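Trainee: Take a look at this one; I'll ask things after.
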Amino acid sequence: MDIEKAASRREEEEPIVQRPKLDKGKGKAHVFAPPMNYNRIMDKHKQEKVSAAGWKRGVAIFDFVLRLIAAITAMAAAAKMATTEETLPFFTQFLQFQAEYTDLPTMSSFVIVNSIVGGYLTLSLPFSIVCILRPLAVPPRLFLIICDTAMMGLTMMAASASAAIVYLAHNGNSSSNWLPVCQQFGDFCQGTSGAVVASFIAATLLMFLVILSAFALKRST
């Protein structure tokens, strides 16, 4: 009797645990409903993508305009340098002094580099159009920023070297006994100076293009 009473007391003291009923059906999967704010989150994400595409399209349009201006400027610099020449008669018409860009290797390199840069900028316009049509696309923007950086370095190098030659032509160098020649070849020096200024403008525009592409890529990540 004591054993039966002790067993009954233990049963009364133990907590009652309800076991869950298992579904005996086979192949049934429980479907979890999405949270209540799921649609709201998706709508917010779509709105963010639309807004990002909007301002990136504006950046791409500005990129296209700057790229077109830079192409025209680089080609104008190359054409101006290539067509600048001046001839001075000395005593007779049979003995003349002539100045042209082929007399200086630096000027010849200037024409070649700016021609290459102008051609590249022209060929890169379709990629800029792709960025306008697909503002969220990363590969064309990445391609443009790499090539723009290389072309900016080439343009700056050619413009800086030619600027040094133009400076010597205007002012000379007393230490090296180099006399200024722009007093005699004024038109030639004006033409070369204008070409160098145009090349620096093209390099500056390329720098802005690199900054725009970097800004667009940063906001994409």
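Quick reminder: no glycine exception, Cβ is built from N, Cα and C everywhere.
Feature table excerpt (Swiss-Prot):
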{"type": "COMPBIAS", "residues": "1-12", "note": "compositional bias 'Basic and acidic residues'"}
{"type": "CARBOHYD", "residues": "Asn173", "note": "N-linked glycosylation site"}
{"type": "REGION", "residues": "1-28", "note": "region 'Disordered'"}
{"type": "TOPO_DOM", "residues": "1-58", "note": "topological domain 'Cytoplasmic'"}
{"type": "TOPO_DOM", "residues": "80-109", "note": "topological domain 'Extracellular'"}
{"type": "TOPO_DOM", "residues": "131-148", "note": "topological domain 'Cytoplasmic'"}
{"type": "TOPO_DOM", "residues": "170-194", "note": "topological domain 'Extracellular'"}
{"type": "TOPO_DOM", "residues": "216-221", "note": "topological domain 'Cytoplasmic'"}
{"type": "TRANSMEM", "residues": "59-79", "note": "transmembrane segment"}
{"type": "TRANSMEM", "residues": "110-130", "note": "transmembrane segment"}
{"type": "TRANSMEM", "residues": "149-169", "note": "transmembrane segment"}
{"type": "TRANSMEM", "residues": "195-215", "note": "transmembrane segment"}
Trainee: If you average pLDDT over the topological domain 'Cytoplasmic' (131-148), what do you get?
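Mentor: Overall, the topological domain 'Cytoplasmic' (131-148) comes to a mean pLDDT of 90.
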Trainee: Looking only at residues six or more beyond either end of the topological domain 'Extracellular' (170-194), which have a C-beta under 8 A from one in the stretch?
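Mentor: Distant contacts of the topological domain 'Extracellular' (170-194): 80-81, 83-86, 88, 97, 99-101, 107, 162.
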Trainee: Please work out the helix, strand and coil residue numbers for the topological domain 'Cytoplasmic' (131-148) from the DSSP assignment.
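Mentor: Counts, helix then strand then coil: 13 helix, 0 strand, 5 coil.
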Trainee: Which number gives the other C-beta atoms within 10 angstroms of the C-beta of the residue listed as 'N-linked glycosylation site', all protein chains shown included?
Mentor: 11
Trainee: Over the span of the topological domain 'Extracellular' (170-194), count residues by DSSP class, listing helix, strand and coil in order.
Mentor: 11 helix, 2 strand, 12 coil
